[in-house]
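Peer 1: Questions regarding the structure given below will be posed in turn.
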Amino acid sequence: MNDDQKYILAIDQGTTSTRAIVFDHAGQIVASGQREHEQIFPKAGWVEHDAAEIWRNTRSVVGDALVGAEINRHQLAAVGITNQRETAVVWDRTTGEPVYNAIVWQDTRTQKICDELAGDEGAEKYKERVGLPLATYFSGPKVKWILDNVEGAREKAEKGDLLFGNTDSWLVWNMTGGKDGGVHVTDVTNASRTMLMNIDTLDWNEDIAGDMGIPLSMLPEIRSSSEVYGTGRKQGLLIDTPIAGILGDQQAATFGQACFEVGQAKNTYGTGNFMLINTGEELVRSENGLLTTVAYKIGDNKPIYALEGSIAVTGSLVQWVRDNLGLISDAPEIEDLAKKVDDNGGCYIVPAFSGLFAPYWKSDARGAIVGLTRYINKNHIARAALESTAFQSRDVLDAMNADSGVELSELKVDGGMVKNETLMQFQADILGVPVVRPQVIETTALGAAYAAGIAVGFWDGEQDVIDNWAEDKRWEPTMDEATRERYLRLWKKAVERTYDWVDEDVNELYG
Ligand code: ADP
């Protein structure tokens, strides 16, 4: 390879694994490395990661990617980072050691803390200020839990010895020198998921931090998503390389999908689904169960906002069909079953395994399979499982149209499930708009690469992202309006069947 050729390295610190991907100027993947980390489940509802393991894995995968690409660090113009959002790491600035495992976004141990914080004002208490309802999903209550429950943590925090960050901050601090001068920063998109940042001014909210007992000295400096935060430490492979982009994973995918115009949206189909619609410089406060979040901020430019619909269970329902029902041996096989039938036979699955997220937000709902008859077989179940992803996405899209007043003209998709053609066709049918899949479906890492590359002039700006984006496949809706409406009515009826399931008996018998 030509030694003068320059590349961008993206580090994708995800929920199940950490990846490093080298991209070239055309936005194509040159090489990558990937390592999974342990999922730690100490109790029902608790999910933790070992932050030290994540940092070790990051160093390994960076090495693997550079080796795979046969390049040296001088050929890296910059490094960008994207990460699992909301997951909270608290560490000691003098020893560099985490004081507790990272508490993962899916963890629900902070329900009581959230209820107490909400008090009489309810879950919407901070929504006007931070754009989010009080929920276990976000970082702030997780930090409070660590300070309340780890011995000595609160005293240390009050003395200024502890630092908090999502995994972006944890990695950047370590990559830039850790206890020997590491920079403690985050970007606006990650900060917008903590419940601690004013969504309009992009500063920490002292009152909310005060309510949660979180000293401001713990919080990282909030920076844009695309600027040089620091350079690689001298002991590491990335010595002197600029670290120049940070975006939370879903915002990174929005960026990588080139959703730069108001009304452009992407939907990522992974463990869960996350749909974001660009609302431009306007901050739209949802009245339909969506989150207001920062999409990105390039250097000194104004921030660009988004509305987000988060769906908890989509791809993980396919895993459930595989692991808990044993109907299939791997995820793609679900399509083989689903294709054997023309429709779901009247059977609907609502996977409210941990309640319903957007747009319903019902924590006492639980999953249901309805419409069962003697006729239903495993092919119908497989089809209903896939259809539930499409129906849930339609619900979120309706909420987006209602909140933003913009009717979506097409939906860009990415994530592991978009290889499923049967699902993509049904998605287009049930939305009534085309569904479009790009050639590079690693849009999360790609978005972080673009943010970093733009900061150092490797790419000129958003237009380069648009020029590099290429369509792979498009599914046009073929279902007539009347049929679509009938399916949607039945789906809504099925959703209602899941409400109010959890009560004292459920908790006491099965809790
Ligand atoms: P994440 O980034 O959340 O870990 P991915 O984007 O890698 O997830 O997507 C993996 C998810 O997609 C898994 O939950 C898996 O069950 C599902 N999946 C993968 N391939 C298919 C397929 N062909 N059909 C349906 N679901 C699939």
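From the backbone N, Cα and C atoms, a Cβ is placed for every residue, glycine too.
For reference, TrEMBL lists these features for the protein:
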type	residues	note
BINDING	Thr15, Arg85, Glu86, Tyr137, Asp249	sn-glycerol 3-phosphate binding site
BINDING	Thr15, Arg19, Thr271, Gly315, Gly416, Asn420	ADP binding site
BINDING	Thr15, Thr16, Ser17, Thr271, Gly315, Gln319, Gly416	ATP binding site
BINDING	Arg85, Glu86, Tyr137, Asp249, Gln250	glycerol binding site
DOMAIN	7-256	domain 'Carbohydrate kinase FGGY N-terminal'
DOMAIN	266-455	domain 'Carbohydrate kinase FGGY C-terminal'
Peer 1: Got a sec? Which of Arg19, Arg85, Asp249, the binding-site residues, have CB under 6 Å of any ligand 1 atom?
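Peer 2: None, as no Cβ falls under 6 Å.
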Peer 1: Over the domain 'Carbohydrate kinase FGGY C-terminal' (266-455), what does the predicted model average in pLDDT?
Peer 2: 93
Peer 1: Nearest by CA distance to Glu86 (sn-glycerol 3-phosphate binding site): which of the binding-site residues is it, out of Thr16, Ser17, Gln250, Gly416, Asn420?
Peer 2: Gln250
Peer 1: What's the longest C-alpha separation between any two of Thr15, Thr16, Ser17, Thr271, Gly315, Gln319, Gly416, the listed ATP-binding residues, in angstrom?
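Peer 2: The two farthest binding residues have Cα atoms 17 Å apart.
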Peer 1: Which has the fewest other Cβ atoms within 10 Å: Gly315, Gly416, the binding-site residues listed?
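Peer 2: Counting other Cβ atoms within 10 Å of each of the binding-site residues Gly315, Gly416, the minimum falls on Gly416.
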Peer 1: Go through Thr16, Thr271, our binding-site residues, and report the one whose Cβ sees the most other Cβ atoms within 10 Å.
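Peer 2: Of the binding-site residues Thr16, Thr271, the most buried by Cβ count within 10 Å is Thr271.
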Peer 1: Of Gln250, Thr271, Gly416, Asn420, which is closest to Thr15 (sn-glycerol 3-phosphate binding site) if I measure between C-alpha atoms? They're all binding-site residues.
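Peer 2: With Cα distances computed to Thr15 (sn-glycerol 3-phosphate binding site), the winner among Gln250, Thr271, Gly416, Asn420 is Thr271.
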Peer 1: Within its own chain, what residues at least 6 apart in sequence put their Cβ under 8 Å from the Cβ of Arg85 (sn-glycerol 3-phosphate binding site), listed in sequence order?
Peer 2: Trp105, Asn166, Thr189, Asn190, Arg193, Gly248, Asp249, Gln250
Peer 1: Return the count of C-beta atoms lying within 10 angstroms of the C-beta of Glu86 (sn-glycerol 3-phosphate binding site), excluding that atom itself.
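Peer 2: Its Cβ shell of radius 10 Å holds 24 other Cβ atoms.
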Peer 1: Helix, strand or coil by DSSP: which one applies to Gln250 (glycerol binding site)?
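Peer 2: In three-state terms, Gln250 (glycerol binding site) counts as helix.
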Peer 1: For Asn420 (ADP binding site), which residues of its chain lie six or more apart in sequence with Cβ-Cβ distance below 8 Å?
Peer 2: Pro332, Ile334, Glu335, Leu386
Peer 1: May I ask which residues of the same chain, at least 6 positions away in sequence, place their Cβ under 8 angstroms from the Cβ of Tyr137 (sn-glycerol 3-phosphate binding site)?
Peer 2: Glu86, Trp105, Ser310
